[in-house]
């Protein structure tokens with residue numbers, strides 16, 4: 001058998017010597033790759049001695065390969081292998097995608113919006129194929145031709161896509177990895193999906209069929225197709241939409257039962273007193289009055305059927321000082337001003353001057369006594385918001401003289417002579433991105449660009465622990481509402497759970513396709529929410545590290561998260577200027593709050609859960625009627641269907657407060673529902 005017979009399909013007797021040279025070149029190539037058995041068989045069959053191979057140089061091998069490839073391309077051009085040749089032609093991709101787009105445009109309106117969602121992932125995969133085969137210019141022309149037809153929220157992705165111009169750019173690229181390793185999820189009615197499959201089969205679009213099989217996942221459902229608004233509401237993330245299966249696991253969103261404070265405040269009556277009261281020999285003796293119950297603690301907290309068991313995760317036991325602090329908080333809460341649309345909160349704004357480019361974050365303690373501010377120069381400054389000074393603990397010699405059994409032992413431990421209005425922490429080697437006060441008010445957490453998390457003592461005003469584990473800058477850190485645990489998130493695409501007494505993370509939550517920008521603990525401490533630049537929000541179970549909710553809908557990076565006071569709802573703020581409210585019981589979107597014109601970096605629910613305050617970089621503070629929003633949502637008897645109606649959020653806006661030129665860093669409701677805000681003046 002000779003090479004001309006293979007390539008041209010004819011046998012020429014005059015080319016026998018040329019055929020032998022071709023075989024020699026082929027043998028030389030086989031020998032180069034050390035294919036010994038193949039070499040022996042071919043030498044035996046073609047009757048060629050190994051000495052003859054030495055007369056052949058590498059140039060002849062190259063000319064043989066060039067000739068064979070050239071002949072093959074001619075055959076492709078003549079139509080011998082149409083499919084393979086077509087995929088090497090950029091116009092083929094343009095034609096196939098153009099036919100698909102025309103099919104979507106000509107579809108019935110009821111199916112068009114769902115079918116339109118397949119265009120973006122297919123366009124991206126075609127671009128990758130063109131770049132990988134060396135057609136950078138046709139690939140760019142392809143995106144510039146069809147990209148403007150796609151939804152507005154994909155424009156940034158398409159701009160990033162055009163930065164990939166070489167085959168080497170496809171390697172170690174987050175966007176490419178997200179699109180190729182995780183299938184793009186599209187929720188579609190069964191009728192629309194059948195229509196799409198029939199089009200591919202009828203037109204024999206093998207390229208589209210291959211892309212769909214490898215890179216797309218259709219989450220089909222029975223029922224009518226969704227409208228344009230319903231499709232857009234949950235679209236926009238790097239993975240497409242969340243599958244319904246991702247949100248099937250039960251979430252215990254209820255609050256933990258509070259400690260019975262009545263037993264702590266009212267001493268039990270002694271047996272002697274009871275005997276005296278019932279003494280028959282002294283009938284005229286006045287009976288002792290029973291101590292009155294404090295109405296604040298007389299109401300027993302009911303157990304929430306949606307709450308997790310108290311021992312589901314190990315929580316720290318309350319110390320006597322913690323119990324007293326809880327009592328103090330409850331007494332303050334009894335003086336709380338009830339908020340509603342007719343009684344809005346007063347707002348106190350702390351403006352930090354001459355520091356717009358140097359301040360990175362701010363945080364206010366739970367009892368509203370202290371404020372911590374992080375700076376780009378790696379320092380942290382803590383201010384007292386009350387006349388009380390920030391005191392330091394006494395030295396070890398002076399602590400020996402203190403009565404350890406005294407009720408005010410913590411007060412006696414502090415040295416009044418060291419009181420200052422503000423104190424500064426130094427230790428980080430990069431900008432500080434977040435601070436968080438411990439619920440016990442004795443510690444402060446901070447995270448930095450230097451990849452570390454530091455735990456500071458608010459008694460000795462020194463660094464206690466440096467937590468190392470993240471590989472890149474740490475964007476956010478938050479304490480659990482019950483203390484002891486804290487969560488962090490980083491540019492390394494992970495969120496982590498830590499404990500203050502361990503220098504290693506207890507859980508590492510992986511799954512996000514881009515850096516995780518913010519984390520937040522659920523009020524019952526059993527769950528952690530994380531928001532990412534992949535435009536998804538994930539809810540993780542602290543007990544086992546499992547992903548229990550996946551929520552989509554944002555069109556930009558997510559920078560702020562806040563759980564409602566009742567624990568059922570989660571609010572998220574993003575660079576797309578919107579705030580989305582999700583129902584954690586089903587993981588579905590409740591409504592979208594649109595009013596701001598800048599990124600949302602801070603949100604806060606009032607202590608009674610009736611008002612949601614939102615602060616943006618557009619220098620506006622908005623107040624929303626959350627109690628009315630939740631009532632309307634529940635009244636609709638919404639269930640976890642495939643196409644719930646999304647409420648219009650504009651109707652719940654109560655008030656918008658503009659500042660002169662101060663973007664908001666943080667918001668905080670005091671125990672009496674006074675709203676505190678912190679911002680930096682932008683000169």
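Cβ coordinates come from backbone N, Cα and C, glycine included.
Given the structure is predicted, the values throughout are model-derived calculations rather than measurements.
Annotation source TrEMBL lists compositional bias 'Acidic residues' at 272-281.
Annotated compositional bias 'Basic and acidic residues' per TrEMBL: 293-303, in sequence order.
Annotation comment: TrEMBL describes 87-216 as domain 'TFIID subunit TAF5 NTD2'.
For 266-316, the entry in TrEMBL reads region 'Disordered'.
The repeat 'WD' annotation in TrEMBL covers 352-393 (among others). Taking the repeat 'WD' (352-393) as a whole, pLDDT averages 93 in the prediction.
The repeat 'WD' annotation in TrEMBL covers 425-466 (among others). Distant neighbours of the repeat 'WD' (425-466): 321-322, 325, 360-367, 369-370, 372-382, 390, 392-393, 413-414, 472-483, 486, 488, 490, 498, 500, 503; these residues of the same chain sit at least 6 beyond its ends, with a Cβ under 8 Å from one of its Cβ atoms.
Marked as repeat 'WD' by TrEMBL: 467-508 (among others).
According to TrEMBL, the repeat 'WD' annotation covers 509-550 (among others).
Residues or ranges marked as repeat 'WD' in TrEMBL: 551-592 (among others). Same-chain neighbours of the repeat 'WD' (551-592): 153, 156, 233-237, 239-242, 246-247, 251, 253-255, 306, 517-524, 529-533, 535-539, 598-609, 612, 614, 616, 618, 626, 629-630, 633, 638-640, 644, 646-649, 652, counting only residues six or more beyond its ends whose CB sits under 8 Å from a CB of the stretch.
Counting residue by residue with DSSP, the repeat 'WD' (593-627) contains 2 helix, 20 strand, 13 coil. Under the heading repeat 'WD', TrEMBL lists 593-627 (among others).
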